[in-house]
């Protein structure tokens, strides 16, 4: 990795160092081990990895598959829990003394850095699973000494046990810290369930901490560089940006550019971004007592350190001798009490560039007295700010916002309260997943849907509606594709999208290329007419939502297709979805859910460079599918003729529209020879091996099921003569799973 800082702190050797948003250790990067290939991935790096679909296996969960967190949480005395957390915040421990006698700043940073990994493009990251406990996050430079914060919480976790998850505890600690300082938060929701191994996520392609070269395509001109998708941070191992400025160059205006981009990729607008920085830096401090090398991060630390890293050799190694980032900034005169002092100091002085005791670039108030108290009773200091703090004053957009808040702190308090709530809950999905007594009213960013305000349809109604759908003139492919388009927008990463809300009929989803708007214009009016006719004639206050009818229509089509293939099946259907309005739908926020590709529909946007088979597995990951479920769905959707635009790629059957295992049987037929098409990019032609006559066409999203050894093993099961019925059953089960992915109310 190349050097990321033109002005890094003095160092005992010449290895790269840099600093991160508020904290980040002045340490050497761990060196990747150079070795001969040891795994299949090492030998064949281009082979699609389906093992990602089987992460977070229940076998690794020590609580067992029957454990229900919501049930356990209901036993929690939340008020007693809150008191204990706040008492902990205000009780300094000798092994890691608290700044100013309070861990508020440390816990705010821990919660912020847990939630701040969230990124909008793929919904990965966030505080929702307790990922900060595991590598690489537990050893990121930006998370230095947060291992101590989590250890400080252990007595709380030990006491309350299964009634509070680590994920909830890590997130709530920051909320409690704010309240301990006198701030009125907007609310807090519990409901985050722990994972038991690292989240499967590409954080970047750089192979050393603090690198930027790969995510910016080799250019690091801070004025012109473009951060690649889906990354949410400017630098490997940082949450957002380098607080010394881009590439360590202390330029507040250039830093503002990076701040705007990275916070925007976390779904924050300019006002929310400014509020988070101002509010987050109102309490606590950074740590750069000296220019020394701290020890290795937790994952690289000696076994006797028991998962604690960054051991500091300076002085006592803690308290006033702590080295975390090399930056030594205390933002206010009251670092344990909520106030408007951050803005009062930011605008009350002119600022001049200086170096911290750790050698990092920061700003010091010009011609100022030493009014900042020392955290451990030492001499007072002059006011200091990070480069990124000064950005809040000099940037032409952030500046007017923060200057307004200087005179109207009540506006800042409200903006921060709502932005913090959004930060802590952005990856939790709809309010129906929230637990506890402090849940705030639904917000637009939560993609709200109306509550059910009518009687739900019963079995006889369901049968009548299925009959009406099948007699409407709409085809099996039309009904299947519409239901799939509605439900498959779901992302299991941040629990967004899905069929509930019927947003398929609203912008932006109605216009997405993958959803074939011209086809929706044919299908949706017919379904809306069936809905209106039913609701007008139903008795007992019963109604059917369009969201429910779209799913029910698709299920009716699957049942018909199975029956046409000789199998009588019933596709499970659970009513209870409601229809959102356009006013309840943030068009810009939903835009990031638009699929680049959907291998289940054999769709890819023109010019897509990522291999289609890789994008297919990624889509399956979002839909929380296993490899067998993905395989069953592909085989079924191909025979149901549900491809985008009516494409025949992968439709390996002479009876399209009939649910059968023909896709698998014909894929494995050794009488077919496959070659790349000479006419169409990313298409393969299958010809009769003996005669050379054309038989089929396919994409990589089809042929991967014959080329990948793991997927081929599953295909062979479904192609067997004695497993035709099993395939139908497995397809239906996987179909229902996708249709219900966002039905958190079903439990």
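Every residue gets a Cβ built from N, Cα and C, even glycine.
Residues or ranges marked as compositional bias 'Basic and acidic residues' in Swiss-Prot: 1-22.
The region 'Disordered' annotation in Swiss-Prot covers 1-39.
Its Cβ taken as reference, residue 109 (site 'Transition state stabilizer') is surrounded by 28 other Cβ atoms within 10 Å in the chains shown. Per Swiss-Prot, the feature site 'Transition state stabilizer' maps to 109; the stated evidence is sequence analysis.
Sequence annotations record features per position, and here Swiss-Prot assigns active site, proton acceptor to 113. Secondary structure at residue 113 (active site, proton acceptor), as computed by DSSP, is helix. A simple way to gauge crowding: the CB of residue 113 (active site, proton acceptor) has 26 other CB atoms within 10 angstroms, across all the protein chains here.
If you draw a 10 Å sphere around the CB of residue 281 (heme b binding site), it holds 26 other CB atoms from the protein chains shown. The heme b binding site feature in Swiss-Prot is assigned to 281; the stated evidence is sequence analysis.
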Rounded Cα-Cα span from residue 281 (heme b binding site) to residue 109 (site 'Transition state stabilizer'), Å: 9
Rounded distance in angstrom between the Cα atoms of residue 113 (active site, proton acceptor) and residue 281 (heme b binding site): 13
